[in-house]
């Protein structure tokens, strides 16, 4: 265990020394740590052999998402969101159901062994885009502000919106439904979103006021002054999850309100939460490369790879492009936004949920999800800097 910890700490230390250069290069942090896990794990040199359980990986991914979603929400350009609010709404309202429907359609052709419910479960797990993987794009000043804001909000909310849909499909696949499927979906969606928004906004609003009061009274010393924001982000997520709401929506909406209240102080107050989230994210990708990729590589087939590539291109991009018709967005910008829907930590969590719920053929579904995630880390990571650079040239 300590050798694994030593390797991760060494890699994070070395990466921290070149992080500024890395964020503008083709080789992003997730790519480097994913490849490092593959090279040093059992499938490579065999220096580390992490005996990681799905629960550990899920908790790590959830904590990472909670911190990064809160930070992304806090850093959102609210002026740009007001001017272009229709864009993320379009991409969520049309993009999510469109991606699920196309994912099922492609699955019928490429993966005939799965039934409709299994394909719907898999398509939903892969409809969620990853705020952490998309960070290199949404934080790149070369990319127009409205594009960054749209992708930031889309990735911040679609994870939470996909959760109730996934749970409905799982219930239907196991015949655990006495009511109409539509009513189940509406009830779960209202519960996830409603509780998420209520808890996220309440906790963030009250938390900020308490932080401001404590600072004004001189109750916080220099050692502890940045701890409250980190704990506030995690509290938004954990409390909402315990109340059966969407912790992802709570973290992002809480971050939005926190950023609005903090204004010019937002970076100073949120930087530690973002930094910890980045470190945990890189750790997750190292473990994914060391423990998950070797298992997936043994079960790959042409149809699995073909489906994964379709999910990253046709299944994601067509609904996104359709959603932007009539919005005034140029084709160049629309293609950029349609392409950058990376699959990552949220899909890892969804795969673990599928395994826990003992969905029929769940192991095979998890393999396909993991293959798609692996390809997304590589393809979206390698393309982020070159495509962002094209905005500078134009």
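Placed from the backbone N, Cα and C atoms, the Cβ positions cover glycine too.
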**Message:** Quick test of your reading of TrEMBL: among 174-192, 193-211, where does it put transmembrane segment?
**Reply:** 193-211
**Fill in**
Ranges in play 228-245, 246-263, with TrEMBL marking transmembrane segment at 246-263
**Asked** Among 71-90, 91-110, 111-130, where does TrEMBL put the label transmembrane segment?
**Response** 91-110
**Message:** Under 8 angstroms, Cβ to Cβ: which one of 29-48, 275-298, 334-355 has the largest number of such pairs with the transmembrane segment (304-322)?
**Reply:** 334-355
**Message:** Can you work out whether the transmembrane segment (275-298) touches the transmembrane segment (91-110), with the criterion being 3+ CB pairs under 8 Å where the paired residues are 6 or more apart along the chain?
**Reply:** no
**Request:** Could you pull out which residues elsewhere in the chain have a CB under 8 Å from any CB of the transmembrane segment (193-211), counting only those six or more residues past its ends?
**Result:** 160-161, 164, 220, 228-229, 232, 235-236, 239-240, 243-255, 257-258, 261-262, 269
**Message:** How about long-range neighbours of the transmembrane segment (91-110): same chain, 6 or more residues beyond its ends, C-beta under 8 Å?
**Reply:** 116, 119-120, 122-124, 126-127, 150, 154, 157-158, 161-162, 165, 303, 306-307, 310-311, 314-316, 318-320, 322-324, 337, 341
